[in-house]
Ligand SMILES: *[C@@H]1O[C@H](CO)[C@@H](O)[C@H](O)[C@H]1NC(C)=O
Ligand SMILES: *[C@@H]1O[C@H](CO)[C@@H](O)[C@H](O)[C@H]1NC(C)=O
Ligand SMILES: [Cu+2]
């Protein structure tokens, strides 16, 4: 078992040896350190003393250096950082949203602008924990609890962002919903339905309350999921797990930089995006050099619209990254459970509402994964000399888990020595349940907008749409987006016994409109190529997107949530690189009006040919809940692949030996 608290260790040793210049070995894309977050707090509080201002931080992250500065730094790797080190903070100061850039080297504010547009910043964890206590001191709510015969001490509440439905009132409000924790930790399946509770976060009080009538709270029967609280009969026991690396791991983590097999990349961490993979390059052993593939990749937004239009649920149209923060919602990984025993962990810091740093231990893990075949062939065609050549695949996985309320998002970045990057998502956790007065399917008279997963419990229909920001730099920054369509050709001139065949027709996207793709309608391949670099036989070097199973939004285009989540209108988009276009649903997503989305930016229809471009890929899951998702759901997963396509001269793992067979401890043969 190797539990190495990397950032903690490195910080300690740096502090010990170089306490005067703690930034010496910092990578310019490293997340803000504990000290840097504190510096931001101190510097902003100096301008806005908390004695006379109401100040809360909703984002404190790295203000990313200009891309050309990073690329220059990467190419010469000076030991002393020459790249600026700045922080970006979003703070609400006396109910006004400020965007503040702080220079961390000279320790001062370089800009402080007020946000006047639509939408509000990411909610802070702290304000949500205050908001959820309000109902328990609110007369009408106490009345509702009493009327239902519920025990107030067993009530817990949670906050839910409330979306935007065309209204002009501009208040930072949030919905609060309450649940019963009596006899079960599975609060999400025991909602007190029928109540509307709206909290104004600036006033920090309940501004709207409505009791729509008594709906039974689903019982606690069969809702427990902790093994320690289960009773027999148990399922067959699983045998011991095997991850045994007698020679140690095949990867090295230095600070936040990872090197493994032919790959090198950097793991950043952002309070909003969570894990950010940067500067991923692969070593080409024929060309004897490292070739860049991905400048930056992260999940830009997650849109989860529920499909129940009734009072209790219509507003549930969540944007988890922008409203709650993937980074802020990252949970410590459980060693040997969330990550195998050969994993190494990275800690990270995020900010709290008052600006002080908060440690998330084991926020990210990195491990090698075995068990698949890399390539193989059994040759039976040479008479008398059959042989088999089979190579074992080892992959490197970077994993993080984001738990937003009831749902757990397991987010993986898998790297393959063959050059592929496979980002994967898996969902687990607990369904969002609506309480109903129905115990059996035969009592259902009208659309309940979900599946009856247990008595009195509807698992409401919904989607999960993740959008990845993939700033690919295939062997350089100037790239093009190519669509290779497969087309049927009819043989009409009698030249063949065949009547038809298929061939490819390639087309380079000139502008953003050419690159808006709805997948599934016609076969083809999508790739990002570098038209300035060719293989020896003349193909453009490239990487292909093997997309996830496509999911398309089913809401109408004029529906408010769909306007806000319009980045789901297409499965694939390509934009010219623009440092400010980071968040596909907009920088301010809470109560957003959809005026700062990828769909709006691309209306300019900018040129994207032979330019620095960003590929956006929407990975979606339509979720029709099933009984097996109750009381807690087994992993539901989806993935896509970025795969080298004429990038290498030939199979890049042709000469990669399989890993050595490890002798098992306590085993003599
Ligand atoms: C209400 O819940 C509290 C806390 O669990 C418990 O101590 C108390 O006995 C309960 N009251 C009733 C009337 O069940
Ligand atoms: C970058 O994006 C922002 C937001 O879409 C836009 O206002 C700005 O004009 C863009 N810059 C360039 C150079 O296109
Ligand atoms: Cu779901």
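Counting begins at 1 with the first residue displayed.
Any Cβ shown, glycine's included, is placed from N, Cα and C.
Keep in mind that what you see is a predicted model, and the values were worked out from it rather than measured.
For reference, TrEMBL has these:
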ACT_SITE  320  active site, proton acceptor
ACT_SITE  407  active site, schiff-base intermediate with substrate
COMPBIAS  228-244  compositional bias 'Polar residues'
DOMAIN    27-113  domain 'Copper amine oxidase N2-terminal'
DOMAIN    122-218  domain 'Copper amine oxidase N3-terminal'
DOMAIN    243-654  domain 'Copper amine oxidase catalytic'
MOD_RES   407  2',4',5'-topaquinone
REGION    227-248  region 'Disordered'
SIGNAL    1-19  signal peptide
*Report the DSSP secondary-structure composition of the compositional bias 'Polar residues' (228-244) as helix, strand and coil residue counts.*
2 helix, 0 strand, 15 coil
*In whole Å, how far is residue 407 (active site, schiff-base intermediate with substrate) from residue 320 (active site, proton acceptor) when you measure between their Cα atoms?*
10
*Tell me, how many other CB atoms lie within 10 A of the CB of the residue listed as 'active site, proton acceptor', whichever protein chain they belong to?*
23
*Over the domain 'Copper amine oxidase catalytic' (243-654), what is the model's average pLDDT?*
97
*Counting each residue once, how many in the domain 'Copper amine oxidase N2-terminal' (27-113) are helix, strand and coil under DSSP?*
24 helix, 31 strand, 32 coil
*asked:* As a quick check of your reading of DSSP, tell me how many residues in the domain 'Copper amine oxidase N3-terminal' (122-218) are helical, how many are strand and how many are coil.
replied: 25 helix, 29 strand, 43 coil
_Neighbour count, 10 Å Cβ-Cβ cut-off, for residue 407 (active site, schiff-base intermediate with substrate): what number do you get?_
22
